[in-house]
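The feature substrate binding site is assigned by TrEMBL to ARG104, LEU110, ASN272, LYS367. Marked as heme binding site by TrEMBL: CYS426.
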Amino acid sequence: MLWVLFLLLICVPILILLYYTRTRQENEPPLDKGIIPWLGHALAFQKDVAKFLSRMKEKHGDVFTACVAGHYVTVLLDPHSFDGVLHDNIRLDFSRTRQQLIKRVFGLQLPGIEPAAERMFMETHFRGVCLSEMNHSISSHLHELLLPDPSGQSEWRREGLFSLCYRLLFRAGYLTLFDSTQDVTAVYKEFRKFDHLLSKLARCSLKGGESRAAHSSRKRLWELLSPNNQHSGEAEWRSWQRSYQRFLQKEGVDAEMQKRALLLQLWTTQCNAGPAAFWLLGFLLTHPEAMKAVQSEMRGLSLEDSSPQHTPSTARVKKAHVTPVLDSVLKETLRLTAAAMISRDVVQDKVLRMANGEEYRLRRGDKVCLFPFLSPQMDPQIHQEPQLFKYDRFLNEDLTAKDDFYKDGRRLKYFTMPWGAGSNMCVGKDFAVTTIKKFVLLMLTRLDLEVCDPQARVPPVDQSRYGFGMLQPEGDLQVRYRLKRTTSS
Ligand code: HEM
């Protein structure tokens, strides 16, 4: 008790001193310290970062510095000026904060690995020949999961659309990248428990019982992901998981950290596609005009031709991928529901040059953040009625992709950024786009799928997920479905 009192007596005055000594210097962005010393805006930031940052944007404009739990975070919300942050790898560092987060969430430390070496590994394994093999493999798994019903006797089933999409895409994604010797259903069940608590784990806001659940789930996943060498066959040895493990071994990572790294990669590769497919199908099922447009486009495609059993002509394969309407629907879905935070540590004092000619000084030791969800994605100056789902927002009248969007009269380079940008942009983008499109087309051709309540809308988002990639719903959208007897071609 005496110790607590002693610490309070020492710490509180230090915090108050630190709070009052930081003042806005010439040429620095507006400074907002909040009213609570040291803590600043931490609670609002934690609760709903999107709401907090829109409030700050209204108050201060496109650039400001906020105090968040002892850190000074400069937030930049003008997409015209993003390049000054995204391409400065000398004064800004992206790996420091990431490593702290990875340690906290995944218990993982990889001090010996150069971020550039890991990035190179990822790029090699998600592009070119590897990408074609992965596309082929996931396509086979999706086809197997949604085989047509030969008897035509398939029963109607009810399920939440989120749980249905996440379950199916996780299974197909896992079997494509990871060792299939493990029990996929057990991995998925444990993964969902862990994923549910992940944002709280990252923000250190778990309550007692939740903390125990998150740590036990994490431990169980480490065990489940440990490779079982005795039972693995040829296919497992060639899997992406094994290549990644060989990369870690070559870099001198010990066995314990290897299995922890596998959990990080399981999360990175599996946590976005399922939720994205959910939102996309959810928007289609609740917007009949969008569904009509997609279905009409689908009638022009031959899905059978692109199934893994066939070896279709190049022209046919190309045709199967030309889906301007579905592409626009996917971009619009991601505009509304992809909400990663791009964060950098300022490691040397820096002058941030804004597109309008203004200059701001950033201090060494602070952080700088972009939150593309707020701008460009939800910026009313760029996208009219940004809160509405408009399936043809990214489509020109002649069915080409619309990519001319403007802010302050100037055309934008970044008008939507679901995949991040710069040195840690999503390396799985091409794989993810192909997978989601394939999944949606199969769901719509192989299933009779409808919302249980015709008046239902997509559920609201779980606000705690802002900053962690794809958003997830608060609740679910109940659907009923059954396998069709044959696929439409
Ligand atoms: C809709 C689906 C997806 C979205 C919206 C998405 C988005 C993102 C974003 C924003 C990042 C950067 C995260 C950061 O700043 O740290 C990222 C990183 C990454 N993504 Fe994706 N992703 C998706 C699907 C996938 C899939 C299916 C894979 C692989 C199977 C994948 C693999 C990766 C990897 C390996 C990284 C780390 C890149 C690095 O740190 O250099 N993503 N993703």
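Each Cβ is built from the backbone N, Cα and C atoms, and glycine gets one as well.
This view paints the features noted in TrEMBL onto the structure.
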residue : record                 : DSSP (3 states)
ARG104  : substrate binding site : helix
LEU110  : substrate binding site : coil
ASN272  : substrate binding site : coil
LYS367  : substrate binding site : strand
CYS426  : heme binding site      : coil
Note to self: Validating a neighbour-count step here. Other CB atoms within 10 A of the CB of CYS426 (heme binding site): how many?
What the structure shows: 19
Next item on the list: Among the binding-site residues ARG104, LEU110, ASN272, LYS367, name every one whose Cβ is found under 6 angstroms from ligand 1, counting any of its atoms.
Entry: ASN272
Note to self: Can you tell me the CA-to-CA distance separating ARG104 (substrate binding site) and CYS426 (heme binding site), as a whole number of Å?
What the structure shows: 22
Notebook entry, point to check: Within 10 Å of CYS426 (heme binding site) (Cα-Cα), which of the binding-site residues LEU110, ASN272, LYS367?
Noted result: none
Item checked: Candidate with the highest Cβ count within 10 Å, taken from the binding-site residues ARG104, LYS367 -> LYS367
Item checked: Max pairwise CA distance, angstrom, over record-listed substrate binders ARG104, LEU110, ASN272, LYS367 -> 26
Item checked: binding-site residues: LEU110, ASN272 - member with fewest neighbouring CB atoms within 10 Å -> LEU110
